[in-house]
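Here is the structure we will look at, set down as structure tokens.
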């Protein structure tokens, strides 16, 4: 796979920078504007605050880093495969905990669960993410499928992974919109600093996802072109 005529390594630098910016922005929002993060608290909003932090840093940022690992890291194929697997595992675990914290907040606050499109998509995506990771582990890592099975599975694994990631980024933007709508209906200023911070965090997440996909579809270093396709 030749990919787009861009240098994947150079594009990956943009991905890393946007990832750091996005992580800082979501932390500033939930710590400085929303009061902080907590596993247990009488202020149930602090419990919910963990949700957007872990979902953005986990599924969007760590998941994106996992996707570009095959195209942007100067390591051998086996090493990049292990990094890809581990980063996706971290993303999956953070995503599961993030979803749990949303349920925990709702249950302790007497709020209904799974009433919005964002929550429906979130549950579906975390399940599919888990299935994708397990299949990839069994077929490409351990115990490993036959050469023919790996060859036939790889294009679908790549395609489904990219499709899943696009939906993850889209659902994160939907989550920011939903939360900001609730906050604005509760009284925060529509053109205030917090509203701008939330909207720009969502924009950074979208830009991050865009550059992840551009990197994954771009030209790998010459010595790696005969290796795995990006995923």
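Even glycines carry a Cβ here, placed using N, Cα and C.
When TrEMBL is compared with the stretches 33-51, 52-70, the one noted as transmembrane segment is 52-70. In terms of C-beta pairs under 8 Å, the stretch of 12-32, 82-103, 123-142, 196-217 lying closest in packing to the transmembrane segment (154-176) is 196-217. For the transmembrane segment (123-142), the residues of the chain that approach it from at least six positions outside its boundaries are 59, 63, 81-82, 85, 88-89, 91-92, 95-96, 99, 114, 149-150, 153-154, 157, 160-161, 164, 167-168, 171, judged by C-beta separation under 8 angstroms. Relative to the transmembrane segment (12-32), the listed stretch 196-217 leads the set 52-70, 82-103, 196-217 in CB pairs under 8 A.
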